[in-house]
Structures are given as structure tokens and as C-alpha cells.
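Database features, via Swiss-Prot:
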BINDING   Gly12, Cys13, Gly14, Lys15, Thr16, Thr17, Arg120  ATP binding site
BINDING   Thr16, Asp32  Mg(2+) binding site
BINDING   Asp34, Arg58, Gly79, Arg139  substrate binding site
REGION    112-126  region 'LID domain'
Amino acid sequence: MTQPLFLIGPRGCGKTTVGMALADSLNRRFVDTDLWLQSQLNMTVAEIVEREEWAGFRARETAALEAVTAPSTVIATGGGIILTEFNRHFMQNNGIVVYLCAPVSVLVNRLQAAPEEDLRPTLTGKPLSEEVQEVLEERDALYREVAHIIIDATNEPSQVISEIRSALAQTINC
């Protein structure tokens with residue numbers, strides 16, 4: 001199987017952490033769309049949003065998604081990539097989409113343990129727990145709609161990777 005694997009989910013679900021290790025275990029290339037975009041523009045996500053607003057960032061995010069999609073690649077996407085209908089269809093039609101699902105409490109704990117305020121501007125201006133709750137309520141249905149595979153991301157990365165590999169094996173054998 002050489003189809004790209006797209007990891008989707010909210011901030012803190014483990015897309016980058018799991019993605020790097022998954023790519024290594026599958027002998028694939030790893031790309032994080034946010035990190036790729038930042039390296040191309042030499043700006044943080046916060047700086048891009050400040051300069052171009054969220055709409056400008058979302059347009060660049062779509063271009064990044066198209067640019068990094070290639071066979072044998074694990075792609076960690078930004079949490080809001082599913083907000084754009086084009087991106088949802090693109091991922092669904094060009095690879096296997098894996099939703100790393102986790103409850104608000106887990107996401108908040110992870111985000112508080114590794115704060116990245118300089119890299120991730122607030123979406124709502126609200127306290128972190130309220131923002132995560134609101135954003136997940138808004139996006140969960142979209143994540144589920146586009147996902148070929150849904151994985152419980154509350155476990156340790158090694159367990160999450162094992163579950164993804166098992167789900168991929170079942171998907172391929174169907």
C-alpha cells in the first residue's frame with residue numbers, strides 16, 4: 001500500500017507525535033502540513049494568521065496539503081484542515097484518512113503540558129478548556145465524515161500506532 005495516510009483531529013490529539021513514529025514504522029516519509037507551511041514562509045502559524053487572517057491561512061493550508069500529498073507519505077494535518085470542503089474531498093479521494101479521536105479532557109491536559117501559544121493562535125479568545133470544547137463540538141462531525149478509520153488517541157503513541165496498523169491491514173484486505 002502506497003496511498004498517502006492523512007492524520008486528522010483536533011490540536012493535542014497526537015497527529016505529529018503519532019505521525020512521525022507511524023511513518024518510521026511503515027518506512028514512509030512524514031510531513032506535518034503546519035510545519036511545512038511554516039518552513040516555506042519562514043513564519044509561525046500565529047504570524048501567518050496575524051498577517052493574512054484565518055481565511056488567508058486556510059487558503060495556504062489547502063495549497064500545502066496539495067503540495068505535500070505523495071505516495072508512501074504520512075501527513076499530519078492542521079486541526080482545522082477539515083473546515084474546507086475541498087480539503088475533505090481531496091483527502092478522502094487521494095488517500096486513507098485516519099481520525100485521531102480524544103475527549104476534551106485529554107486534549108486540554110496535553111495542550112497544557114506542551115503549550116505552543118506562539119505557534120497556535122486562539123480560535124475563540126476563550127480559556128483553553130472552553131475553546132477545545134467549542135472547537136471539538138464544531139468539528140467532530142466533519143472529522144468523522146471524512147475519516148476512513150477512527151482511532152482512540154487517548155492511549156500511548158505506540159498503542160495508537162498499533163491500532164492504526166491493524167485498521168490499515170483490515171482496510172487493505174477488504
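The chain as shown is numbered from 1 upward.
A Cβ is built for glycine as well, from the same backbone N, Cα and C atoms used for every other residue.
Locations of recorded Swiss-Prot features on the structure.
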residue : record                 : Cβ contacts under 8 Å, 6 or more apart
Gly12   : ATP binding site       : Ala102, Val106, Leu107, Val108, Arg110, Leu111, Val132
Cys13   : ATP binding site       : Gly79, Leu100, Cys101, Ala102, Leu107, Arg110, Ala153
Gly14   : ATP binding site       : Leu100, Ala102, Arg110, Ala153, Pro157, Val160
Lys15   : ATP binding site       : Leu7, Ile8, Gly9, Asp32, Ala76, Thr77, Leu100
Thr17   : ATP binding site       : Pro157
Arg58   : substrate binding site : Gly80, Leu83, Thr84
Arg139  : substrate binding site : Pro10, Gly79, Gly80, Ile82, Leu83
Longest CA-CA distance among Asp34, Arg58, Gly79, Arg139, per record bound to substrate, angstrom: 18
Whole-number Å value for how far Thr16 (ATP binding site) lies from Asp34 (substrate binding site) (Cα to Cα): 10
Segment confidence, the region 'LID domain' (112-126), expressed as mean pLDDT: 64
Asp34, Arg58, Gly79, Arg139 excluded, remaining Cβ within 8 Å of their centroid (substrate): Glu61, Thr77, Gly78, Gly80, Ile81, Ile82, Leu83
